[in-house]
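Database features, via TrEMBL:
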- 201: active site, proton donor/acceptor (ACT_SITE)
- 402: active site, nucleophile (ACT_SITE)
- 134-285: domain 'Peptidase S49' (DOMAIN)
- 386-536: domain 'Peptidase S49' (DOMAIN)
């Protein structure tokens, strides 16, 4: 026995030493790797705008409603994947396009690539491109091998629109695909019980139905029709065509080869890249020059790099209009993780703005489908407190719905675009139980309690009628509080708000008619309105919250889930669909409301 204990102790000690060594090696390796990326980021050259440069706008550039990451996280992606990933805030993109109009070194803009941006974002960028053309008289060229409807909505602003001879144009209308999980949940023995307030509150339908309800079809069709009308009006006006002609193409052709796209007047020229390059080199005054293979084909600077050259405080004033981003799912928690709005994190940012004497007005940029009911109300309270002391102008992005609308309602003014998806004023609760699947596999429960409602939150059995009735009362109370908050913020009778609420989703255009939105306009219009409300003549813009620390960026880059999506094997269509399903299911982890009550859009609806 003594020998056994001795050997066991020695083995344990050896294991501990091994683990310590491994941790030490990993730590040294991580520090070394971190040092490499920090050094790489530090040695990145400062951007320079050369004479006769073309501003290159790669539509794949991620235009975000947030202050994007920079530094080592970007260097890591370039090192691992061999491609240059860049993200730029919407404000920076708009500012860069405005500055390019009066910059003598910029001779024009070149659009290329494919975008995944939402239509509300694209509308703001498109307006900035239109203003660039009007103010400067400089040309905008657009070239691609494939033009999707999103791409074409933006690129139709161009003076010269090109398509590769082997290319194709997608023009087949919009659709919304809704994925239903009810059949799978039933098959595997997972019980679902729902609570809701608002007859259009369809976020629970994927868990309870196999097809859309009539109410869901009605609101989604209305939304799609508004978005499609915006597309038809904008593109037909740009190309000098009748909207009915584009509708006919969508109905009867859908996918157009280059020759058909040109014949229909949707593009100007069919050209290979070298043909387009000749025109670009004319813009840069390089027609007689030869260039090295290691150099750019023409003198250029990317939109991202160009934005880094700009002085953000053009007036030299300490008076500040803060743009506070509320981007992503609303969840209970702390911090500012990318793609999530935490009740603690955003509340802290709002309090900082309230207490900062240099911040004279705030633009709350909301791009959120909603989320936790309690988290939404906590944030709405902070917006209300801020609005009591300083002007708060809300700028709605692609989505500002349900909880996203709740946090917008206390603002002094609400701006939206026609393509904004908003409303969805309603509440729902979701109760899952695993009794059937557990029993099938020999798992049972026995509950001992001191009160009959002690296990009301159990997943071991379905809820009783009495328990559901109790919780439905709580949902109704939350809905009434939601209506009250909106009615007070909009200075409108509660009954009037209730008529346009009921969980219904509205386009920005219809939301304005329903008095849920004050004006049509984008981020720049909201910033100008905030400055006017604060009676500012000179001001600077500060974007909040600031991005994560250097250490957090490195760890996220090395170990974050986003890294998987960029691996080569994840780029084929089957893998992308599998990862899309994984992403949708992963949204379940954001359902962390302490009471299980949510104010959210249907998260499985995707408009394409």
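From the backbone N, Cα and C atoms, a Cβ is placed for every residue, glycine too.
In three-state terms derived from DSSP, the residue listed as 'active site, nucleophile' belongs to neither a helical nor a strand segment and is classed as coil.
Taking the Cβ of the residue listed as 'active site, proton donor/acceptor' as reference, residues of its chain lying under 8 Å away and at least six apart in sequence are, in sequence order, 424, 426, 427, 428, 502, 503.
Shown in sequence order, 203, 369, 370, 371, 376, 424, 425, 426, 503, 598, 599, 600, 601 are the residues of the chain, 6+ apart in sequence, with a C-beta less than 8 angstroms from the C-beta of the residue listed as 'active site, nucleophile'.
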